[in-house]
There are 2 protein chains.
Amino acid sequence: MTVQSRSPERLVHVPLGDRAYDILIGPGLLARAGGEITSRLKGRKAAIITDEHVAPLYLEALMDGLQTDGIEAVSLTLPAGEKTKSFDHLATVCDMVLAARIERNDAVIALGGGVIGDLAGFAAGIVRRGVRFVQIPTSLLSQVDSSVGGKTGVNSRHGKNLLGVFHQPDLVLADTSILDTLSPREFRAGYAEVAKYGLIDNPAFFEWLEKNWQKVFEGGPERIEAIAVSCQSKADVVVEDEREMGRRALLNLGHTFGHALEAATQYDSKRLVHGEGVAIGMVLAHEFSARLNLASPDDAKRVEEHLKAVGLPTKMSDIPGELPGADVLLDAIMQDKKVKGGKLTFILTRGIGQSFVADDVPSSEVLSFLKEKLAK
Amino acid sequence: MTVQSRSPERLVHVPLGDRAYDILIGPGLLARAGGEITSRLKGRKAAIITDEHVAPLYLEALMDGLQTDGIEAVSLTLPAGEKTKSFDHLATVCDMVLAARIERNDAVIALGGGVIGDLAGFAAGIVRRGVRFVQIPTSLLSQVDSSVGGKTGVNSRHGKNLLGVFHQPDLVLADTSILDTLSPREFRAGYAEVAKYGLIDNPAFFEWLEKNWQKVFEGGPERIEAIAVSCQSKADVVVEDEREMGRRALLNLGHTFGHALEAATQYDSKRLVHGEGVAIGMVLAHEFSARLNLASPDDAKRVEEHLKAVGLPTKMSDIPGELPGADVLLDAIMQDKKVKGGKLTFILTRGIGQSFVADDVPSSEVLSFLKEKLAK
Ligand SMILES: NC(=O)c1ccc[n+]([C@@H]2O[C@H](COP(=O)([O-])OP(=O)(O)OC[C@H]3O[C@@H](n4cnc5c(N)ncnc54)[C@H](O)[C@@H]3O)[C@@H](O)[C@H]2O)c1
Ligand SMILES: NC(=O)c1ccc[n+]([C@@H]2O[C@H](COP(=O)([O-])OP(=O)(O)OC[C@H]3O[C@@H](n4cnc5c(N)ncnc54)[C@H](O)[C@@H]3O)[C@@H](O)[C@H]2O)c1
Ligand SMILES: [Zn+2]
Ligand SMILES: [Zn+2]
């Protein structure tokens with residue numbers, strides 16, 4: 001006879017006053033979504049937004065579970081991929097949510113990765129100037145990052161995530177068993193954001209990851225632990241700085257370079273997905289910090305080695321196809337939203353787990369750094 | 001020798017914590033816009049959104065004034081009219097604002113009536129998840145109502161204002177001399193909202209209006225006074241209930257019927273403009289309250305007489321063209337956003353200046369009331 005061990009499920013609470021919410025992390029949450037929602041929200045209607053990869057795998061189970069708990073749900077399945085995060089798709093989602101007569105206490109449910117979460121969250125934030133919002137993140141990246149914190153948005157031809165609102169979810173259900181169907185490449189991309197939390201301000205976590213990353217990939221308690229630590233880190237930052245006036249910018253470690261690379265590859269996921277851009281961007285941020293004599297080059301090497309070990313790209317030349325010149329990349333960086341009055345804001349670091357916001361980085365330094373890196 | 005009397009300008013402060021702002025009310029503010037903006041905002045770039053009626057009259061003066069104070073401004077002129085409050089136009093505005101590289105501390109400026117204010121404010125709320133926003137309302141309606149309080153939005157095929165965000169302006173400049181070029185019909189429409197503040201909770205103001213409305217129409221100190229009282233009333237309600245969970249709903253007096261009539265006339269401004277819908281809606285709200293034995297029919301008569309005296313439509317048969325049946329109107333009401341869990345929320349009244357929120361109005365009562373009214 002085996003003794004059932006205590007449930008491995010974890011709960012991270014995000015204490016944001018009247019916008020406070022829970023993040024549940026563990027296996028089998030999808031089937032229980034109805035109960036978790038009805039115990040927290042008043043409405044009994046839901047509009048599920050999902051994508052064509054996730055729908056065949058999990059939509060029916062979710063719909064069934066919701067119905068059991070008396071929630072009337074309709075669904076919309078969109079194409080998968082970053083291109084779906086567009087203003088046109090936002091219009092489609094809003095129209096569907098309104099057609100479903102979702103009222104303020106009813107919910108929009110995002111069932112998918114960060115693309116679906118960002119898009120559906122934006123719609124939930126603007127339909128009737130805000131309806132309830134439940135995140136059921138299905139990619140590792142969305143479980144540890146995009147589903148927490150209330151940033152929503154779509155891309156514009158001028159750049160990534162340039163349109164959006166802050167709209168906190170009312171509940172996040174991170175079902176860790178759902179990740180088993182994620183492609184290894186997407187799992188690795190999400191892992192870049194997990195490593196990011198270590199690099200920002202938690203060197204012990206980075207060290208733990210260097211030792212345990214294989215178990216995180218395999219599943220089991222280490223995966224749940226890594227996701228819970230990540231969510232807790234993100235929640236801490238968000239609570240301190242909900243609207244990104246200061247500290248929250250740290251979460252952009254690796255993202256300034258990463259977004260520029262995503263733009264330079266036209267958001268073509270065959271060439272580069274977000275987390276891969278972040279992986280390369282984090283290595284670049286450490287190298288750039290070393291070049292500015294802020295950190296030791298050894299730290300940059302250590303970051304590169306770990307990310308390489310898990311199978312992530314770590315340099316610009318790892319991206320298949322041609323890249324544009326340094327000036328085009330710099331221009332993309334300047335249009336990114338971390339520019340204040342023309343000056344460049346960057347997340348730099350003094351070493352592993354010692355990143356900080358620098359808001360006076362000369363663009364000439366960035367340009368010559370990029371030129372050097374591209375020449376290699 | 002004449003002694004210059006003290007400036008007639010009025011200031012209403014909206015104390016919303018870190019979203020607090022000033023409303024300036026008086027003649028000649030347009031020319032001073034640059035100085036008022038630079039003394040309050042950090043950015044030195046602006047994107048002006050206006051419409052084809054207002055642009056030829058005031059755009060150049062505003063651009064000149066901004067330039068004098070060192071603000072680099074670009075402008076976008078859109079078609080006039082309610083149809084401009086669409087998701088498509090929102091996309092156009094956002095794209096223009098991004099192309100102008102407006103950053104978080106720069107401003108979107110709305111130069112126009114409520115249509116431009118609602119649309120530009122929505123764009124300001126979502127570009128980079130929020131940039132600064134300055135309202136220069138040019139219609140009476142927008143000076144007393146839509147420019148204050150942070151509600152922004154566009155219409156959807158499912159109904160009016162169904163998509164939007166709360167995004168408070170950083171400054172409102174209500175130049176009262178600008179109203180001289182407003183058509184008499186639009187001035188009257190805006191006046192309906194002025195009268196609304198009396199009807200909500202200020203019977204003395206309603207009485208003052210019954211005596212002084214002609215001077216308000218002519219201009220001069222009574223106009224400034226009426227606008228200042230209106231802005232103060234609106235500001236009070238907004239501060240108490242920024243996100244419309246309770247008391248703010250009172251501002252919708254007359255609007256549930258009004259919005260249904262606007263929808264029933266396809267937002268065709270030749271037949272009905274917003275303020276006219278509100279005028280008819282306020283009379284209907286008073287009559288409906290009388291029918292429910294909440295108020296005296298005499299009050300409904302008094303409201304009707306005053307609004308008729310200023311030249312506003314006061315009954316559904318005043319609207320040119322065919323109206324749909326009572327059931328279609330009720331359906332429009334049900335889709336309006338003041339529906340909670342299927343029950344009808346209405347602003348009813350116990351008499352002049354004694355309105356209240358009722359959230360349990362049976363739809364059958366509304367239906368038979370509308371049938372009766374349409375039969376007349
Ligand atoms: N809002 C925020 O704070 C925030 C933070 C970080 C990233 N983001 C955004 O998140 C997006 C990236 O998120 P993502 O990496 O999840 O991308 P994604 O949503 O495109 O998902 C990646 C791929 O995995 C598929 N997929 C997802 N879950 C699956 C599952 N369980 N099984 C099989 N396939 C599955 C998807 O269909 C997609 O093809 C970017 O747009 C980025 O800007 C937002
Ligand atoms: N956000 C809110 O809280 C709120 C509140 C009330 C109304 N509204 C919205 O406001 C809109 C109605 O506002 P509106 O009545 O100002 O409509 P509007 O913007 O269409 O202006 C009315 C007409 O007057 C013209 N005009 C404006 N100023 C002028 C001037 N000084 N000289 C000459 N012509 C001028 C406009 O071009 C337009 O043709 C509706 O869409 C309504 O939903 C919003
Ligand atoms: Zn990221
Ligand atoms: Zn109104």
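Residue 1 is the first one shown; counting continues down the chain.
Glycine is treated like the rest: Cβ placed from N, Cα and C.
Under the heading NAD(+) binding site, TrEMBL lists B:G114, B:V115, B:I116, B:G117, B:D118, B:T138, B:S139, B:K151, B:K160. Mapped onto three states, the DSSP output places B:I116 (NAD(+) binding site) in helix.
Taking a C-beta cut-off of under 8 angstroms and a sequence separation of 6 or more, B:H274 (Zn(2+) binding site) has the following same-chain neighbours: B:E82, B:G114, B:L141, B:A189, B:G258, B:E262. Taken from TrEMBL, the feature Zn(2+) binding site applies to B:E193, B:H255, B:H274.
According to TrEMBL, the feature domain '3-dehydroquinate synthase N-terminal' maps to B:76-188.
Per TrEMBL, domain '3-dehydroquinate synthase C-terminal' is recorded for B:190-339.
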Where does B:H274 (Zn(2+) binding site) sit in DSSP terms: helix, strand, or coil?
helix
Inter-residue Cα distance where the pair is B:I116 (NAD(+) binding site) and B:H255 (Zn(2+) binding site), in Å
20
Which of the binding-site residues B:I116, B:D118, B:S139, B:K160 has its Cα nearest to the Cα of B:E193 (Zn(2+) binding site)?
B:S139
Where B:H255 (Zn(2+) binding site) sits in the secondary structure, as DSSP reduces it to three classes
helix
In the three-state DSSP scheme, B:K160 (NAD(+) binding site) belongs to strand
Taking the residues B:G114, B:V115, B:I116, B:G117, B:D118, B:T138, B:S139, B:K151, B:K160 listed for NAD(+), what is the greatest CA to CA distance in Å, to the nearest whole number?
21
May I ask which residues of the same chain, at least 6 positions away in sequence, place their Cβ under 8 angstroms from the Cβ of B:S139 (NAD(+) binding site)?
B:G112, B:G113, B:G114, B:L179, B:L182, B:E186, B:G190
Please average pLDDT over the domain '3-dehydroquinate synthase N-terminal' (B:76-188) for the predicted structure.
96
Cβ-centroid neighbours of Zn(2+) site B:E193, B:H255, B:H274, 8 Å, sequence order:
B:L141, B:D145, B:A192, B:K196, B:G254, B:G258, B:G275, B:G277, B:V278, B:G281
Tally of helix, strand and coil residues over the domain '3-dehydroquinate synthase C-terminal' (B:190-339) according to DSSP?
108 helix, 1 strand, 41 coil
